[in-house]
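The structure appears below as structure tokens.
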Amino acid sequence: MANHIIISLIFVALSFGLLAFAFEPSPLQDFCVADSTSSARVNGLVCKHPTSVVADDFFFSGLHVPGNTSNPNGSRVTPMTVAQLPGLNSLGISMVRVEYAPWGINPPHTHTRATEILTVIEGSLQVGFVTSNPDNNLITRTIKKGDVFVFPIGLVHFQRNVETGNAVAIAALSSQNPGVITIANTVFGSNPGISGDILAKAFQVDKSVVDQLQNKF
């Protein structure tokens, strides 16, 4: 009886081992252009049939166009993710162009699925990120045209134009759909809103301050 149990356990272990080795994280075809017409739910987007793929599936035009920075933050992000460029599907990369008005900011935010590498095309930026609890160290410096800075995946980060002229940056992200969580919008502008009592206690301020902030978002 004991031998039968041991043999069964070995068989199960080998079976799971074979299944594990069958997993392949890399693409198994040349490309997987996103099919926006499909209603199927997968981790990513369903592939078009290769015979229906065209050059425009891998093309995007618009990163040269200045963004409108007439908003409270004084910045504009132009994304180039799989939503704009179907050929990025399954390739694990995307880009953005960021415009900054004088002293404009790209406010504290995080990308839940991507590391970001940013280079300044025009102007100078103060950039930084904050390490995770419990240290919460601020890593920051000023970068200028031609400089590069990396924001590790998941960490809260920001940029600020530190000059009186406009600034421009281009960033690459290690996901076709990096996701973005802007801290202020998320905390004070959720729908439905987080209880003011909870936020007042969390931020150690009077509830009237929280009410004022929630009204802005």
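A Cβ is built for glycine as well, from the same backbone N, Cα and C atoms used for every other residue.
TrEMBL entries are annotated by machine, without manual review.
If you look up TrEMBL, you'll see 1-22 marked as signal peptide.
Taking a C-beta cut-off of under 8 Å and a sequence gap of six or more, Cys47 (disulfide bond) has these contacts in its own chain: Gln29, Cys32, Val33, Ala34, Asp35, Asn89, Ser90. Annotation comment: TrEMBL describes Cys32-Cys47 as disulfide bond.
Taken from TrEMBL, the feature domain 'Cupin type-1' applies to 61-211.
Sequence annotations record features per position, and here TrEMBL assigns oxalate binding site to Asn106, His111, Glu116. Packing around Asn106 (oxalate binding site) is summarised by its Cβ count: 25 other Cβ atoms lie within 10 angstroms of its Cβ, all protein chains included.
Under the heading Mn(2+) binding site, TrEMBL lists His109, His111, Glu116, His157.
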Neighbour count check, CB within 10 A, over binding-site residues His109, His111, His157; minimum at His109
Rounding to whole Å, the Cα atoms of Glu116 (oxalate binding site) and His157 (Mn(2+) binding site) are apart by 10
